[in-house]
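Report on the following structure.
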Amino acid sequence: MEEFDSEDFSTSDEDEDYVPSGGEYSEDDVNELVKEDEVDGEEQAEKTKGKRRKAQSIPARKRKQSGLLLDEEEDGEEDSGGSSREEDEEEQEGGLGSETSRKKKEDELWASFLNDVGTKSKAASSSQVKVAEETEETSSSKPLVKADELEKPKESEKVKITKVFDFAGEEVRVTKEVDATSKEAKSFLKQTEKEKPQALVTSAATPPPAGSGIKRTSGMSSLLGKIGAKKQKMSTLEKSKLDWESFKEEEGIGEELAIHNRGKEGYIERKAFLERVDHRQFEIERDLRLSKMKP
């Protein structure tokens with residue numbers, strides 16, 4: 001066993017050229033293998049060199065082709081630019097021509113329209129002028145009438161009215177200052193107009209010294225005078241109110257009493273307020289009743 005081990009360790013250098021197939025190669029075979037390896041390496045190197053040359057030649061060709069393409073594109077752009085400019089010029093000329101033709105057509109249409117409507121417009125304008133003049137005249141006359149109507153009440157804003165009342169067989173004269181447009185002033189003017197012809201009749205029927213017919217006329221005139229001179233009667237309340245008003249005017253305490261009555265403690269103001277409340281309540285109840293009565 002020891003000898004066998006020593007032999008195995010001594011042959012360790014020969015293991016480098018050991019082939020597992022079991023056959024031994026000669027030196028010629030080894031040289032051929034080496035040559036084949038060298039040939040394979042050279043072929044691979046040539047292949048890589050060829051690839052590099054091809055790669056270098058391809059961009060050059062591409063550059064040449066791109067240069068040609070760029071030149072062709074520039075030429076095409078120049079040609080297209082020239083053609084587009086010519087087209088733009090033609091379009092501009094055509095647009096100007098169309099605009100001028102449109103303007104001419106519009107002018108012709110307008111002239112024909114004016115010729116058709118010329119006479120009618122003149123007649124309409126003359127009628128409008130006449131209407132405007134009439135309206136101006138009426139408007140100028142209306143303010144004058146209104147001014148006259150307004151000036152009349154300004155001249156006689158207040159009118160004094162004297163009324164005669166009969167209180168216990170005594171004549172009581174009451175004078176008031178009332179607006180000219182009030183109902184009292186109008187009624188007073190009507191009464192005075194009615195009394196004027198009666199006074200003329202009584203003055204014309206003066207009794208001469210003798211005659212039966214004359215007595216009759218005097219009797220008739222006295223009757224008319226009595227009828228015309230019939231006086232209104234005055235109640236005690238109206239007489240007391242009249243006396244109170246005259247007293248306030250004589251003493252000059254009307255404003256003081258009005259200020260006092262407007263205060264919180266004024267009896268008249270409270271009474272007026274309560275009357276307004278009652279009237280309002282009555283109106284509300286009336287509206288409710290009417291709404292219920294409607295179908």
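Cβ coordinates come from backbone N, Cα and C, glycine included.
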| task | Could you check Swiss-Prot and say which of Ser12, Ser84 is marked as phosphoserine? | result | Ser84
| field | In three-state DSSP terms, the structure that Ser112 (phosphoserine) belongs to | value | helix
| In DSSP terms, helix, strand or coil for Ser246 (phosphoserine)? | helix
| said: So if I draw a 10 Å sphere around the Cβ of Ser246 (phosphoserine), how many other Cβ atoms end up inside it? | reply: 11
| remark: Ordered by sequence, the long-range same-chain Cβ contacts of Ser112 (phosphoserine) under 8 Å (at least 6 apart) are none
